[in-house]
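Asks: Not my notes, these are from TrEMBL:
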type	residues	note
DOMAIN	1-462	domain 'Major facilitator superfamily (MFS) profile'
TRANSMEM	31-50	transmembrane segment
TRANSMEM	62-79	transmembrane segment
TRANSMEM	91-111	transmembrane segment
TRANSMEM	132-149	transmembrane segment
TRANSMEM	169-187	transmembrane segment
TRANSMEM	222-241	transmembrane segment
TRANSMEM	261-282	transmembrane segment
TRANSMEM	294-313	transmembrane segment
TRANSMEM	374-396	transmembrane segment
TRANSMEM	408-432	transmembrane segment
TRANSMEM	438-458	transmembrane segment
Amino acid sequence: MFLSSVGFSIVIMSIWPYLQKIDQTADASFLGWVIASFSLGQMVASPIFGLWSNYRPRKEPLIVSIFISVAANCLYAYVHVPASHNKYYMLVARGLVGFGAGNVAVIRSYIAGATSLQERTSSMANTSACQALGFILGPVFQTCFALIGEKGVTWDTIKLHINMYTAPVLLGAFLGVLNIILILILLREHRVDDSGRQCKNVNFEEASTDEVQVPQGNIDQVAVVATNVLFFVVLFIFALFETIVTPLTMDMYAWTREQAVLYDGIILAALGVEAVIIFMGIKLLSKKIGERAILLGGFIVVWVGFFILLPWGNQFPKIQWEDLHNNSIPNTTFGEIIITLWKSPREDHSEGPTGCPVEQAWCFYTPMIHLAQFLTSAVLIGIGYPSCNVMSYTLYSKILGPKPQGVYMGWLTASGSAARILGPVFISQLYTSLGPRWAFSLVCGIVVLAILLLVVVYKRLVAFSVRHGRIQE
């Protein structure tokens with residue numbers, strides 16, 4: 001999970017300038033499709049790889065999926081070669097990288113099948129911490145590759161141009177190959193029941209005499225659907241928060257593009273470190289109060305975080321009167337919102353006017369969100385999100401029981417991918433049209449509905465073996 005997340009995040013910051021360099025016809029709306037293609041590919045692949053892992057050794061879908069990601073990264077490094085339609089090659093490359101990332105369902109299914117109920121939460125938290133750490137370090141490596149510059153060096157024999165845009169994906173491909181080697185050498189099929197006793201495994205042929213049969217019983221489908229919905233909400237609200245951070249801070253605090261990229265990058269990196277700490281703390285806390293209580297508490301903390309973001313008082317943001325011609329991000333599409341994350345301040349030494357754009361009518365009557373409000377909200381969301389994230393799929397794996405979970409984990413991953421597509425689109429349109437008061441009020445309403453759903457199904461979110469009376473809760 002660590003190597004995969006590094007391979008993904010290491011290229012994120014360079015997509016927009018690379019897209020502009022290879023294809024002058026690419027605009028902000030197409031950037032939105034390039035970004036979304038990863039989640040779309042993952043959403044399609046997750047159930048497929050999950051089903052595959054239910055009936056065959058898990059090494060197979062893992063190796064094939066990583067090989068697809070390696071090939072897609074190599075394609076990305078060559079998208080500048082064709083004479084035309086380069087942006088579509090990039091779109092395909094990112095979609096295939098996402099398709100390869102559908103192996104997350106296999107990984108979670110493997111962890112669920114290889115751990116007992118008591119080990120499950122700790123193992124899931126460790127996996128999430130490794131994934132979060134990879135997402136933190138990826139952009140750091142990308143910054144290092146920026147020293148190579150746009151010109152870089154060219155390997156004429158194979159027409160490979162190594163520069164600040166292609167070097168990260170080539171490292172991602174190398175990490176993928178390393179991943180395949182580690183899987184071939186270290187990964188072994190292992191399956192236990194909820195008590196930790198080894199049981200018969202459909203994923204490998206060898207069987208020992210002390211294996212126990214897989215317990216029989218029906219899975220609580222209501223709990224399964226509810227957990228999928230809750231997981232969707234968790235990723236939906238965090239995806240929209242990540243999207244809105246930059247335009248919100250530029251509008252409210254009149255930050256320039258350079259300041260927004262720097263300060264918001266520091267904030268998001270700090271949230272990543274906070275998430276790793278939360279993942280570690282969850283392992284201890286879950287043993288005392290249980291996963292369901294942590295999940296409920298996480299949603300409440302997230303709701304408080306977004307409630308604090310609601311504008312109050314009689315102080316208004318600085319108005320940007322000049323026509324900025326796309327200098328302020330929130331004025332059109334999701335793709336244009338994301339552009340700021342790739343904009344280099346060196347592209348334009350004149351930052352232009354700052355503040356809340358006059359085109360956004362709500363700037364005239366909506367009070368500003370103070371910096372203390374924003375930072376407090378970010379800290380709370382940084383606490384609630386990782387708590388809800390790891391608890392939702394930990395509970396999900398326990399609800400499913402010791403039976404093969406590949407397909408079910410595939411659907412859970414697909415729901416998360418859909419959330420990462422819809423969340424940014426939802427918040428960008430709502431924020432631009434109606435402003436932060438309506439946008440965050442509706443987000444609070446969504447979180448309240450999630451909390452109500454959790455309360456309704458609270459007693460059903462129990463482990464398979466507990467529900468069938470084989471293990472005491």
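Just so it is clear, glycine is given a Cβ too, placed from its N, Cα and C backbone atoms.
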Asks: For the transmembrane segment (294-313) and the transmembrane segment (31-50), does the number of C-beta pairs under 8 Å, pairs 6 or more apart in sequence, reach 3 or more?
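Replies: Judged by the Cβ rule, the two regions do not touch, with the required three close pairs absent.
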Asks: Counting Cβ pairs closer than 8 Å, which of 62-79, 132-149, 169-187, 222-241, 374-396 has the most of them with the transmembrane segment (408-432)?
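Replies: Going through each listed stretch, the top one turns out to be 222-241.
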Asks: Using a cut-off of under 8 Å between C-beta atoms, tell me which stretch among 62-79, 91-111, 222-241, 261-282 contacts the transmembrane segment (31-50) the most.
Replies: 91-111
Asks: Any chance the transmembrane segment (169-187) and the transmembrane segment (62-79) are in contact, meaning at least three CB pairs closer than 8 A with a sequence separation of 6+?
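Replies: Between the transmembrane segment (169-187) and the transmembrane segment (62-79), contact is present.
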Asks: Looking at 62-79, 222-241, 261-282, 438-458, which one has the highest count of Cβ pairs under 8 angstroms to the transmembrane segment (91-111)?
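Replies: Comparing 62-79, 222-241, 261-282, 438-458 against the transmembrane segment (91-111), the winner is 62-79.
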